[in-house]
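Annotated in TrEMBL:
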type     : residues                       : note
DOMAIN   : A:1-118                        : domain 'CMP/dCMP-type deaminase'
BINDING  : A:H48, A:C73, A:C82            : Zn(2+) binding site
ACT_SITE : A:E50                          : active site, proton donor
BINDING  : A:S163, A:R179, A:R202, A:E278 : substrate binding site
BINDING  : A:W165, A:T191, A:D195         : NADP(+) binding site
There are 2 protein chains.
Amino acid sequence: MSQYLNYAIQLAKMVDGQTGINPPVGAVVVNQGRIVGIGAHLQKGDKHAEVQALDMANETAAGGTIYISLEPCSHYGSTPPCVNKIIDFGIKQVVYAVKDTTLTSRGDEILQHAGVKVEFRHKPEAEALYKDFFITKRQGIPEVTVKVSCSLDGKQATDKGESKWITNKSVKNDVFMLRHKHDAVITGTGTLNADNPQYTTRIEEGKHPIRIILSKSGRIDFDLDMFNQSNVPIWIYTEQEKLKSDIEHVEVIHCSNCSLENILKDLYQKGIGRVLVEAGPTITSEFLQSNYTNELILYYAPKMIGGSGDYQFFKTENVFNLSEAPQFEIVNSQVLEQNIKLELRKK
Amino acid sequence: MSQYLNYAIQLAKMVDGQTGINPPVGAVVVNQGRIVGIGAHLQKGDKHAEVQALDMANETAAGGTIYISLEPCSHYGSTPPCVNKIIDFGIKQVVYAVKDTTLTSRGDEILQHAGVKVEFRHKPEAEALYKDFFITKRQGIPEVTVKVSCSLDGKQATDKGESKWITNKSVKNDVFMLRHKHDAVITGTGTLNADNPQYTTRIEEGKHPIRIILSKSGRIDFDLDMFNQSNVPIWIYTEQEKLKSDIEHVEVIHCSNCSLENILKDLYQKGIGRVLVEAGPTITSEFLQSNYTNELILYYAPKMIGGSGDYQFFKTENVFNLSEAPQFEIVNSQVLEQNIKLELRKK
């Protein structure tokens, strides 16, 4: 009966999107056929899931089994190694769903040496939860989701720039949920000037993402609505050394080369684990051509925009051979009240 | 966005079946768009879910919202009232999914008087989780599930008493899960002598139910396998005053009138919140005719047994008018590898 391992994965999913560059992890301690402790990693720097669950179980942990969505850590990070705590509390068995390929040393041996039985029980559902975490941790860059709302013919706006609102309310709510699950939103000045967006999460208890503006030229209109909202930080990446801002929640970050790689590495260093790209054709196309897009969310409205396609979401200077064109895999498709949502992964 | 209330309900479901005569409850504390504490009521006598979640959140609870699957208590039971703790921790809003109709006083007023916003947000899924709890708490009797494995023509065995195995392995595993979710199994001496059953839960970390034998006559064969298993208690209800047992894990409970009502009330007093009836036609039919059956689980094998029907699962002395025949409502149907599972509720 592996429902306990499924419960640990459920707990991990509950905190997915709030752990920054740390993975979302859930843990359940079971003793004599009953749950005696539950835990989840709530935030980078906080207790690990195993520790939460063991603390709740306290002395009833002894002789029990701990089910964890991810292999327990065996190193001193911001907290002591979980394997030590597992041994100290007298746990007799550890079952986990995914091997942490970023660990430099295996905890299994330490546990087994202390007489703890260790079982790795592969769960594809949990693996999917950590796939991007492993990649980004090794590369030192955040997970990137590119979101595009467009017409059936692939345009984000008419040639005149009219784009409000191509997609419907149901899509808007879905985008709010996407923002909630990401640490930051990336956009460009073109979209700012055209739409005057706020990038907030207008749902109950919604977590607003940090707003990141890519502006090589540094031409920013500080009268836009976003700059009057002081509750969420704004970070501007620019090559323009003269750009300054006195606004308290606005930080200007100067880079001599504002490449996606440099910006993403800097964001990861600042603790950003997941970014959502909500931008116009230029930045969207730059991300889709790069190796830094993990996921693409496409919302299609059942409209046909036509025109010359100034705002088609994927525009590139070079012409690909078809065999070299960026290729995606469809993970999921869903109808949201007459709009279509496609979730894709870069192949 | 009500996923947090759904998470609280998920947590409640994780501990469903391990809280005895107490309800399974889950709680999630949220502050500024992130989960800061999770909790579940793990066992009667243990901390309530709200307290677990608030303790995990600690000072980060202040100004936050607590989502609870069930209305928080406002009375001194085995633990102090949860509403006091909610107020003490500075929670600003309480959202719960089901009103606790067994509470003698409403906590809402106490909370609102202390400046806490209270919202009851009806969730049918959670209501189903507590429906039987409310009934049994008011009546002081456990929830009763009757389980029957039979042929398509409603027989638990052939006229010769042959019954191993009518249903398949998939049903057996499903029955193990049923046992895990119940505090006790009720059976009779006929089934004991015919099948020599153990009523254990042979799945990983399976919780064995207490085994309850109804035997008015007191004729018990203490050589049966069950009596050699010392890890799970056996309680025998009998009207036979001479029946005694020296076996450590066996308790003989004498009653002058071993009616279902008297036995069930005694079980509730002993902390049994849920019983599973796994018995032959006599006890099964007694339960199905009574007002004490909350749920009926029927497993049909695609066989036809025929004969004179000595072991048809529902046999009664009196002949019902069709309008008075016990009536059930189908809650769910499922195919388990060529066997059919029906979940029904007494109307």
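Glycine is treated like the rest: Cβ placed from N, Cα and C.
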Request  = Work through the recorded positions one by one (A:E50, A:C73, A:C82, A:R179, A:E278) and name whichever has its CA nearest to the CA of A:W165 (NADP(+) binding site).
outcome  = A:E278
Counts of helix, strand and coil residues, the domain 'CMP/dCMP-type deaminase' (A:1-118), according to DSSP = 39 helix, 23 strand, 56 coil
Task = Between the Cα atoms of A:E278 (substrate binding site) and A:C73 (Zn(2+) binding site), find the distance and write it as a whole number of Å.
result = 35
Note = Should one count Cβ atoms within 10 Å of each candidate's Cβ, the binding-site residues A:C73, A:C82 would be headed by A:C82
Ask   = List, in sequence order, the same-chain residues at least six positions removed whose CB sits under 8 Å from that of A:H48 (Zn(2+) binding site)?
value = A:V25, A:A27, A:G39, A:H41, A:P72, A:C73, A:T79, A:C82
Inquiry  = Looking at the recorded positions listed here (A:E50, A:T191, A:D195), whose Cα lies nearest to that of A:S163 (substrate binding site)?
reply    = A:D195
Key: Alpha-carbon distance [A:R202 (substrate binding site); the residue listed as 'active site, proton donor'] in Å   = 33
Key: Euclidean distance between Cα atoms of A:R179 (substrate binding site) and A:T191 (NADP(+) binding site), Å   = 17
Task = Measuring CB to CB from A:R202 (substrate binding site), give everything in the same chain under 8 Å that is also at least six residues away in sequence.
result = A:F176
Query = Which whole-number value in Å describes the distance between the Cα atoms of A:D195 (NADP(+) binding site) and A:R179 (substrate binding site)?
reply = 17
Query = Are there residues of the same chain, six or more positions away from A:R179 (substrate binding site), whose CB falls under 8 angstroms from its CB, and which are they?
reply = A:V185, A:Y199, A:T200, A:T201, A:G206, A:K207, A:H208, A:P209, A:L276
Max CA-CA distance, Å, over listed NADP(+)-binding residues A:W165, A:T191, A:D195 = 14
Remark   = Span of A:S163, A:R179, A:R202, A:E278 as binders of substrate, largest Cα separation rounded to whole Å, comes out at 20
